[in-house]
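Chemist: Questions regarding the structure given below will be posed in turn.
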Amino acid sequence: MKPGPGTWKRRAPLKRSRILHMALMGTSDPSGEAEASKEKPFLLRALQIALVVSLYWATSISMVFLNKYLLDSPSLQLDTPIFVTFYQCLVTTVLCKSLSTLATLCPGTMDFPSLRLDLRVARSVLPLSVVFIGMITFNNLCLKYVGVAFYNVGRSLTTVFNVLLSYLLLKQTTSFYALLTCGVIIGGFWLGVDQEGAEGTLSWTGTLFGVLASLCVSLNAIYTKKVLPAVDGSIWRLTFYNNVNACVLFLPLLLLLGELQALRDFSQLGSAHFWGMMTLGGLFGFAIGYVTGLQIKFTSPLTHNVSGTAKACAQTVLAVLYYEETKSFLWWTSNMMVLGGSSAYTWVRGWEMKKIQEEPSPKEEEKSSMGV
């Protein structure tokens, strides 16, 4: 039997912009992925998933440790967190434009949208870019002042802000069970702060930056949905405009905060190793968006969240081992509360979405009662 046009449409490969949009919306696309998974042998699919998840873990963990080195290394002694963030945005902008040019010159070699700077689009994206700047800057500032082991706890309130802002801005209510998981996360956060203080390693400045970073991550997710139509729904176009705007807005900050002068006095300014590490940090920042999309494509948004939580746990253990730290039982308990609460929230939201999808609509119930 010859398949109809709808069959080919369902089997079309997912666009990366659609994949990341599904992640932001917290939904999945069951049409194409289910059939594709049936066509592939189990071992091949399992190997692909293992490779993609490993790539996501390696990229994400490496980026955190490298940024910690650039922001707070005793051997580097570079106190210019805004410049480090600015340079990473510059690398991402150059990479986006380079890949766009390559895709135009060699059509069919890669799937990348054409990028042309439009000032009207840049102005439309500007409000989101301000939130984006806050997100990446506060993330780096948090990492500068706190240890890698405490980094995940310091930024653990993103889920709580998601619930709060969804109610305040979108008027969306949250179930009791989801609120209960948020309570576990808040409890783990405060216990972690208490234990960091008891060990004498607490930085209130770093903790404040972590809370602000969590707020900006939530705002970024909400405003991304509103701004996507301005860039034709393309995540890569949005990435390009966000980073272009960020590069422009960072320049006055570099002057006002005196980081250009600090950079001028930096002893390793002419070091190839220093610029190599800086460029590598920018490459990781660009790559994390790509591997996130890959992980969602080969698994699901729900599995991606679970993988991110497990990655955070592994990153914490690696940090404690690498920096040869000794942590108390209650400190580890705080981490388990944060990670457990985050995983439970993801599971509850996934269960609620599935329940909503399985419930028949009022029109279907009416047809059923009429015998249609």
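Each residue, glycine too, has its Cβ placed from N, Cα and C.
Heads up, TrEMBL stuff is auto-annotated, nobody curated it.
Because the structure is a prediction, the values reported are computed rather than measured.
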Chemist: Under TrEMBL, the annotation transmembrane segment belongs to which of these stretches: 150-170, 318-338?
Modeler: 150-170
Chemist: Across the whole of the domain 'Sugar phosphate transporter' (48-342), what does the mean pLDDT come to? Round it, please.
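Modeler: Reported value for the domain 'Sugar phosphate transporter' (48-342) is a mean pLDDT of 92.
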Chemist: Could you check if the transmembrane segment (205-223) is in contact with the transmembrane segment (82-105), meaning 3+ Cβ pairs under 8 Å among residue pairs at least 6 apart in sequence?
Modeler: no
Chemist: Are there 3 or more C-beta pairs under 8 Å linking the transmembrane segment (272-292) with the transmembrane segment (125-143), counting only pairs at least 6 apart in sequence?
Modeler: no
Chemist: Might you confirm whether the transmembrane segment (272-292) is in contact with the transmembrane segment (46-70), defined here as three or more C-beta pairs under 8 A between residues 6 or more apart in sequence?
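Modeler: In this chain the transmembrane segment (46-70) contacts the transmembrane segment (272-292) - 3 or more Cβ pairs sit under 8 Å.
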Chemist: Using a cut-off of under 8 Å between C-beta atoms, tell me which stretch among 82-105, 176-193, 243-260 contacts the transmembrane segment (272-292) the most.
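Modeler: Checked against 82-105, 176-193, 243-260; highest Cβ contact count belongs to 82-105.
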